[in-house]
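Down below is the structure, laid out as C-alpha cells.
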Amino acid sequence: MTNLRKTHPLMKIINHSFIDLPAPSNISAWWNFGSLLGICLMIQILTGLFLAMHYTSDTLTAFSSVAHICRDVNYGWLIRNLHANGASMFFMCLFLHVGRGIYYGSYLYKETWNIGVILLLTVMATAFVGYVLPWGQMSFWGATVITNLLSAIPYIGTTLAEWIWGGFSVDKATLTRFFAFHFILPFIIMALVIVHLLFLHETGSNNPSGINPDSDKIPFHPYYTIKDALGLMFLLLVLLTLALFSPDSLGDPDNFSPANPLNTPPHIKSEWYFLFAYAILRSIPNKLGGVLALLASILILLIIPFLHTANQRSMMFRPISQTLFWILTANLMTLTWIGGQPVEQPFIIIGQLASMLYFMLILVLMPLAPLFENYMLKPKW
C-alpha cells in the first residue's frame, strides 16, 4: 500500500498534498481554517445539491417549494438549515482565514493571496445570488437594491442592470438565471481552490514567526490531520447547534413573507456577513461613490502585499502593528453593526467615521507603523 500511495499517478498527488506534505512544525490553530473552508464547501455543495432536487426557480412557486422542502421532504428542514447556517460558518472561517493572512504576513505569497481574493469575491457572489432564491421579501428587495447599483455606472449602467435582470425589473428571468449562477459557481470555486492550493504548495506554508521554516518541517499526516480533525469537531458542533436549536437566528424575519414588489420592507439589509460592505456603501451619499467604495473595500486586499514596509514578515513581534490590526478588527465589527441599523443619526455619522478609518488603517497607518518599528529595531550603540 505504501508503494501504491507513492507511485500511483492519482494517489501520488493526494500523497504529496495531504499525507507526506512537509509542514512547518510550529503552525498554530489559525492555520486550521483552510481545511475547515474546504469542508464548508463540501457541506454546501452536498446540501445544495439535495435542495436543488426539490427547488423550483419560478417566481410563482419558489417560495412554496422552499416551504415544501421544510415540511414534506424527509429531513428537508435539516438540509435547508445546514445550508443556510453553513453559509454563515463559511464566511466566519473566511474572515478568520483572511485575518490570519494579514496578521502573519501570508499575503507575501502573492499568487496564493490573489487567488484567495478572487475566491472571496466568488464566494460573496455565490452567497448573494443564493440569498435571492427563497423569493421572500428580503430576497427580492435585496436583489433589487444590489443589482440596481449597476445603474450607477456611467453611460452603460441602466443597460447593464436590465441585461442582468432579463427585463425592466427583478422578475422571473432574474430568479432563473440566479439559480443557474448559484448552481455553477461552487464548482468554479472548487477549481479555484485547487489553483489556490497549487500555488500554496509551490512555496509551502507560512508560520507564526514569519521565519523560513525549511530547517524544521514535519509530515502533514498524522500531525496536522489530527489537528484539523479537532477543528472539524468544533465546526460541526457550532454548525449543528445553530441548525438544530436556533436555525433562523441569523436570518431576517421579513424573508418569511413571500416577495411583494408593491410593499417595500421598512429596512432593507443583507445577511450579516455582507453588512460591513453594506455600511461602507451607505456611508457615501453619492450612488456611484458608494459603489466604488463598496468595491474598494474588498479589492483593497489585492494591494496589501505592496504596502508591506516591515523588515519582519509576521506581526508576532510588532506590537504597534498588532494594535492597529485589532483596531481594524473592532472597526469591521462596528461596520457590521452599523450595516444592520436604520439610516438615521447617530448611525450615519458612526458609519462614515468607521468607513474612513477602515481605509485609513489599511492605506496609511498600517504601512507607516512598521517604518517606526524598523527604526526601533536598529541597534542604537
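Just so you know, glycine gets a Cβ as well, placed from its N, Cα and C.
Pulled from Swiss-Prot, these are the features on record:
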- His83, His182: heme b b562 binding site (BINDING)
- His97, His196: heme b b566 binding site (BINDING)
- His201: ubiquinone binding site (BINDING)
- 33-53: transmembrane segment (TRANSMEM)
- 77-98: transmembrane segment (TRANSMEM)
- 113-133: transmembrane segment (TRANSMEM)
- 178-198: transmembrane segment (TRANSMEM)
- 226-246: transmembrane segment (TRANSMEM)
- 288-308: transmembrane segment (TRANSMEM)
- 320-340: transmembrane segment (TRANSMEM)
- 347-367: transmembrane segment (TRANSMEM)
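There are 21 other CB atoms within 10 A of the CB of His83 (heme b b562 binding site), with all protein chains counted. As a quick check, the transmembrane segment (178-198) and the transmembrane segment (33-53) clear the bar of 3 or more Cβ pairs under 8 A, pairs 6 or more apart, so the two touch.
Same-chain residues lying 6 or more positions outside the transmembrane segment (347-367) and placing a CB less than 8 Å from one of its CB atoms are 279-280, 282-284, 293, 296-297, 300, 304, 307-309, 321, 324-325, 327-328, 331-332, 334-335, 338-339, 341.
Under 8 Å from some Cβ of the transmembrane segment (320-340) lie the Cβ atoms of residues 99, 102-103, 269-270, 272, 274-280, 282, 310, 347, 350-351, 354-355, 357-358, 361-362, 365-366, 369-370, 372-373, all in the same chain and six or more residues away from its ends. Calculated from their C-alpha atoms, the gap between His201 (ubiquinone binding site) and His97 (heme b b566 binding site) amounts to 17 Å.
Looking at 33-53, 113-133, 226-246, the range that has the most CB pairs within less than 8 A of the transmembrane segment (288-308) turns out to be 113-133. With respect to Cβ pairs under 8 Å, the transmembrane segment (77-98) is most closely packed against 33-53, considering the stretches 33-53, 113-133, 226-246. Between the C-alpha atoms of His182 (heme b b562 binding site) and His97 (heme b b566 binding site), the distance comes to 23 Å.
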